[in-house]
Amino acid sequence: MAQTRAWKSIMPLESLPGWLNAVVWGLLLLFCQVQGQDSASPIRNTHTGQVRGSFVHVKDTKSGVHTFLGIPFAKPPIGPLRFAPPEPPEPWSGVRDGTSHPAMCLQNIDGLNLENLKIKMSRSPVSMSEDCLYLSIYTPAHTHKDSNLPVMVWIHGGGLCWGMASTYDGSMLAAIEDVVVVTIQYRLGILGFFSTGDEHARGNWGYLDQVAALRWVQQNIVHFGGNPDRVTIFGESAGGISVSSHVVSPMSQGLFHGAIMESGVALLPNLISNTSEVIYTMVANLSGCEPVDSEALMSCLREKSEEEMLAINNIVRTISGVVDGKFLPRHPLELLASVDFHPVPSIIGINSDEYGWIIPMLHPDSTMKEINRETMRAVLKNTAVQMMLPPECSDLLMEEYMGDTEDSKTLQIQFNEMMGDFIFVIPALQVAHFQRSHAPVYFYEFQHQSNFLKDIRPPHVKADHGDELPYVIGYLFWDMKFVFTEEEKLLSRKMIKYWANFARHGNPNSEGLPYWPALDHDEQYLQLDIQPVVGRALKARRLKFWTKTLPQKIQELKGSQDNHTEL
């Protein structure tokens with residue numbers, strides 16, 4: 001209306017010729033209509049066509065967000081594109097609807113053992129399909145092409161076998177911190193990571209999907225108010241492993257400028273492999289393809305229906321990325337040790353009880369219920385073999401973690417701490433130490449015991465695997481609602497501010513927040529709780545045990561075995 005008043009001050013509308021009067025009012029009405037349409041049903045350009053989003057008011061804020069859901073960043077990976085690198089999406093005519101979530105990638109939802117979690121969850125209404133290479137964008141409603149806001153690209157977790165973009169709502173993060181949030185999907189399980197170990201199927205299809213999504217962001221995010229030169233990738237668990245893998249991959253160079261790894265790095269055991277033989281043999285047997293060679297097997301697998309592929313996927317419960325010579329030229333440990341990675345600022349962190357409750361509940365072991373020292377020795381021998389350690393190392397594990405305790409409950413708790421250290425904590429500290437000499441690393445341990453979980457889990461579990469997620473990103477797990485206390489709301493705002501500051505400047509600190517020092521030789525890190533405080537030398541004794549004591553013992557065992565062989 002200000003524009004109307006300005007026009008009237010120049011020339012009264014009634015003094016204009018009739019036809020011109022009509023044109024002016026028509027333009028004003030059109031202007032108002034376009035403005036309204038842009039707010040409620042925004043339309044943005046991409047390099048393949050236009051997309052229409054929707055306006056969302058974010059609770060507890062004065063801000064609104066425009067959401068654009070299910071934008072294709074690659075062709076559907078079906079037919080000849082099954083087990084193939086993603087290809088650019090086809091252009092479309094007209095305006096594409098971006099107001100509903102895309103189908104999740106093929107996965108074994110029933111394999112999650114959700115009934116063990118004692119949490120009431122409603123099944124996701126999201127459908128499932130191989131045609132799943134889509135991303136969603138959450139951008140502050142005031143943005144325009146020149147807004148140049150920092151971009152945060154979220155990569156979901158789920159062991160490379162489960163997960164979907166629609167579980168994570170970026171609206172809160174976008175509204176509170178004035179950033180553009182992108183959530184992406186990638187192929188999972190067999191369809192995402194199966195490899196023949198040769199040129200017929202190199203594998204890492206899911207990682208290549210993520211690269212394609214990051215390339216799409218570089219091409220298009222400016223139309224959604226984002227700055228392609230200020231992209232931070234962040235993820236949790238397998239999402240953190242993905243982020244860490246992009247840091248060492250030559251294919252991802254230049255596609256991002258900061259990295260956040262929550263409870264997952266590329267050195268996590270069993271999620272990066274030098275070989276694919278075990279899974280190759282299993283899939284070949286399950287498929288009924290009777291392959292003469294890998295080329296024939298891949299040809300046969302591409303002919304299988306979606307239902308047949310899902311049936312195979314449901315039996316092969318775990319799968320890893322592979323050293324394929326392309327996305328991962330060498331094992332991440334070698335790439336990190338030889339400083340063959342992108343020196344970008346990073347936040348790396350873990351939770352205080354990574355193996356505290358949810359992972360053991362998803363993979364229940366009846367032998368742990370009535371454990372004693374004798375049965376624990378047998379469990380540790382078996383565990384050592386699974387860790388690819390000599391069985392003789394089980395005595396060292398017993399001494400380091402169990403001490404002389406006889407109590408069954410304490411033995412269980414200590415076993416879970418050992419597993420959390422082996423799988424999550426030690427790899428995270430190792431990656432942080434490799435990277436800190438070449439770019440700033442900010443390390444954290446999330447320690448808060450969430451009030452809404454205290455009646456569900458054992459009291460000794462403080463911050464379990466995934467517990468930081470509701471505090472960092474608007475998070476909805478299959479319609480499970482989280483109710484924060486007032487203190488927890490403040491903690492969430494602090495964590496969101498740290499993460500967004502990092503996305504904006506490569507440094508999480510700002511006025512009003514407890515200072516978070518970079519990890520240096522003083523080994524300082526941030527303990528994230530209701531009142532964040534700086535800690536020093538996180539798990540230093542355990543780190544020494546896993547990286548010095550155990551390897552030394554293994555070398556001694558190997559030496560004695562070699563001497564015995566010579567005799």
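Backbone N, Cα and C define each Cβ position, glycine as well.
These come from Swiss-Prot:
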ACT_SITE  SER237  active site, acyl-ester intermediate
ACT_SITE  GLU354  active site, charge relay system
ACT_SITE  HIS465  active site, charge relay system
DISULFID  CYS105-CYS132  disulfide bond
DISULFID  CYS289-CYS300  disulfide bond
MOD_RES   GLN37  pyrrolidone carboxylic acid
SIGNAL    1-36  signal peptide
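Overlay of Swiss-Prot feature records on the structure.
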residue	record	DSSP (3 states)
CYS105	disulfide bond	coil
CYS132	disulfide bond	coil
SER237	active site, acyl-ester intermediate	coil
CYS289	disulfide bond	coil
CYS300	disulfide bond	helix
GLU354	active site, charge relay system	coil
HIS465	active site, charge relay system	coil
Top Cα neighbour of GLU354 (active site, charge relay system) in the set of recorded positions CYS105, CYS132, SER237, CYS289, HIS465: HIS465
Candidate nearest SER237 (active site, acyl-ester intermediate) in space, where candidates are the recorded positions CYS105, CYS132, CYS289, CYS300, HIS465 and distance is Cα-Cα: HIS465
Nearest recorded site to HIS465 (active site, charge relay system) by CA-CA distance, among disulfide-bonded residues CYS105, CYS132, CYS289: CYS105
Euclidean distance between Cα atoms of CYS132 (disulfide bond) and CYS300 (disulfide bond), Å: 22
Set of same-chain residues at least 6 away whose C-beta sits under 8 angstroms from CYS289 (disulfide bond): ALA296, LEU297, CYS300, LEU301
Residue among disulfide-bonded residues CYS105, CYS132, CYS300 with least C-beta crowding, 10 angstrom cut-off: CYS300
Packing count at HIS465 (active site, charge relay system) (other Cβ atoms within 10 Å of its Cβ): 25
